[in-house]
């Protein structure tokens, strides 16, 4: 029995962890050195830790990566929408990544057979994406409400940049999709411009956006998106497909 006066970090009604015990700063400095284990290559990622009900009796690989996954709202929605697809959230803040881990474990207990395809890692995705994923491994990457880093001198910290798009293009298979959304117009313009000017990405058409069930989740599945909606704010999204690099002729 828990000691009298000690508050449980889990809700009695839902069995899920309570966010207020896992609060952290809205964003972390991606250029600082944090201490956590990093696999030396994708072949060193231990899938049995993340997906114990699936491995080692499977050859599946992670296909979705939610970069800066926050409290895991999108991941939880995607897990049931794509039950046969392995996906992982990548979060730098230790308390937040621990919350997502506990949330997934609780959902697995409460819903036998479900949420076995989703996991989370605490890592710095701006540094270690190639350590987790092979060339062309991913089919979807998500960048939802990233830190805007308003000051021009800090634009190098933005998670969408020409340099980082090279890395994302490497781990995305041809036809793979990058989803971005923000409530900061200037950042929305920046991300769209970076993607538009990169030779290995092209925008989805309006028809394709309307037909993609994931697009509807971008503004509704995350805590940040729900907050923007409550405040009747605007969002700015850019959704682009990984294409084959075509050689330029003179």
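Here the Cβ of each residue, glycine as well, is placed from N, Cα and C on the backbone.
If you look up TrEMBL, you'll see 147 marked as active site.
Listed in sequence order, 90, 91, 92, 125, 143, 144, 146, 147, 159 are the same-chain residues at least 6 apart in sequence whose CB falls under 8 Å from the CB of residue 68 (S-adenosyl-L-methionine binding site). Under the heading S-adenosyl-L-methionine binding site, TrEMBL lists 68, 91, 92, 124, 125, 144, 222, 223, 224.
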For S-adenosyl-L-methionine, whose listed binding residues are 68, 91, 92, 124, 125, 144, 222, 223, 224, the greatest C-alpha pairwise distance in Å: 21
